[in-house]
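S.K.: The signal peptide feature in Swiss-Prot is assigned to 1-18. Here Swiss-Prot flags H38 as active site, drawing on similarity to another entry. Annotated Mg(2+) binding site per Swiss-Prot: E58, D60, D118, in sequence order. Summarising the annotation, Swiss-Prot assigns active site, nucleophile to H74 and lists similarity to another entry as the type of evidence. Residues or ranges marked as disulfide bond in Swiss-Prot: C78-C84, C80-C224. The feature N-linked glycosylation site is assigned by Swiss-Prot to N99, with sequence analysis given as support.
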Amino acid sequence: MLLRIALILGCWSILSEGAENDIAEREDRKRPIWNMAHMVNAISQIHEFGALGANSIETDVSFDKNAKPEYTFHGIPCDCFRNCMNWEYFNHFLEGLRNATTPGNPKYRDRMILVVFDLKSNGLYYDAQARDAGKNLALSLLQNYWNNGDNGGRAYIVLSVPLLKHYELFQGFRETLKEQGHEELLEKVGYDFSGNDDISDIEEAYRLAGISEHIWQSDGITNCIYRGFDRVIQAVNAREKFEGIIKKVYFWTADKPSTVKLALGESVDGIMTNYPNVVVDVLKIDEYQQRFRFATIDDNPWEKYKPYGK
């Protein structure tokens, strides 16, 4: 009798393990999605949008006359039905962000895994300040977010620049982290040009910057205006090239369920939205639940998605 029970339990254990493996395999086949809360410029909003299901945020960064990051602020005009005026001093915001993304901190949110800094380099006094802006940004992040490399925030960072001619901002950022002895932190940093330029021009700007990895590509417009998906399709096609440098594509700003569905239908990796809960609801629908899942910290945002086994 005891032998029979042992055999039954053993078989049940094997079957259970097999079922768990099947579930894990099905999850691996799903495209991870970064649910990106738009215009998160106050510390309180990190937690507000996280509670709505965001696993990523986008934050606006303005610079002072000396090309130092000064505020997290968008201002008027901004998206329809949003308060455009939330703000923090940049370094103070970084401290709040570090608290929200550092395991063990009482304010830690384990789902918050990526931050897009929308760098308002078009507000610099001179184009020649772009490199200095990158240097100053690196120093601010190093001290106030990464805590000088000592148990800082763990979120991945995407530096998003609106103008191709400001590619030197990326160079200044990278040079500074290397000079400060923290080149390893570049593994946490990605890049994006957000001006909806031609993909070929964007690739040339990255060539000039000396960057060929960790590249996201955005496409979109304010939620006040409809935008089609022609350029999204171009970006996705560029991503799918065997030797293409683009690894992830995200669309902004998608607030309606219909827009979210269209974006997912084009196989984007990220959706920037004013309503992360809308994206959550769409991914609960069987058609989308079978193909997509929300990204976690274990998903590498610098790697092209490949279905399990391919």
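Here the Cβ of each residue, glycine as well, is placed from N, Cα and C on the backbone.
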S.K.: H38, H74: which of these active-site residues has the sparsest Cβ neighbourhood within 10 Å?
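M.R.: Candidates: the active-site residues H38, H74. Fewest Cβ atoms within 10 Å: H74.
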S.K.: Test of understanding: give the count of other CB atoms lying within 10 angstroms of the CB of C224 (disulfide bond).
M.R.: 11
S.K.: Are there any residues in the same chain, six or more apart in sequence, whose C-beta is under 8 angstroms from the C-beta of D60 (Mg(2+) binding site), and if so which?
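M.R.: Within the chain, D60 (Mg(2+) binding site) has Cβ neighbours under 8 Å at M39, N41, T72, F73, H74, D118, K120.
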S.K.: Between C78, C80, C84, which of the disulfide-bonded residues has its C-beta surrounded by the fewest other C-beta atoms within 10 Å?
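M.R.: Comparing Cβ neighbour counts within 10 Å for the disulfide-bonded residues C78, C80, C84 gives C80.
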S.K.: Please identify, from the recorded positions E58, N99, D118, the residue with the sparsest Cβ neighbourhood, meaning fewest other Cβ atoms within 10 angstroms.
M.R.: N99
S.K.: To the nearest whole angstrom, state the Cα distance for the pair the residue listed as 'N-linked glycosylation site' and H38 (active site).
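M.R.: On Cα coordinates alone, these residues lie 20 Å apart.
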S.K.: Please report the Cα separation of C78 (disulfide bond) and E58 (Mg(2+) binding site) in Å, rounded to an integer.
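M.R.: Their Cα atoms are separated by 13 Å.
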S.K.: Excluding E58, D60, D118, please set out which residues of the same chain place their CB within 8 Å of the center of the CB atoms of the Mg(2+) site, keeping sequence order.
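M.R.: Surrounding the site, in chain order, are H38, M39, V40, N41, T59, V61, H74, V116, F117, S160.
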S.K.: List, in sequence order, those recorded positions among E58, C84, C224 whose Cα sits within 10 Å of the Cα of H38 (active site).
M.R.: E58
S.K.: What's the CA-CA gap between C84 (disulfide bond) and E58 (Mg(2+) binding site) in angstrom, rounded?
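M.R.: Answer for this pair: 14 Å between alpha carbons.
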S.K.: Roughly how many Å separate the Cα of E58 (Mg(2+) binding site) from that of C224 (disulfide bond), to the nearest whole number?
M.R.: 18
S.K.: In terms of DSSP three-state secondary structure, what is the assignment for C84 (disulfide bond)?
M.R.: coil
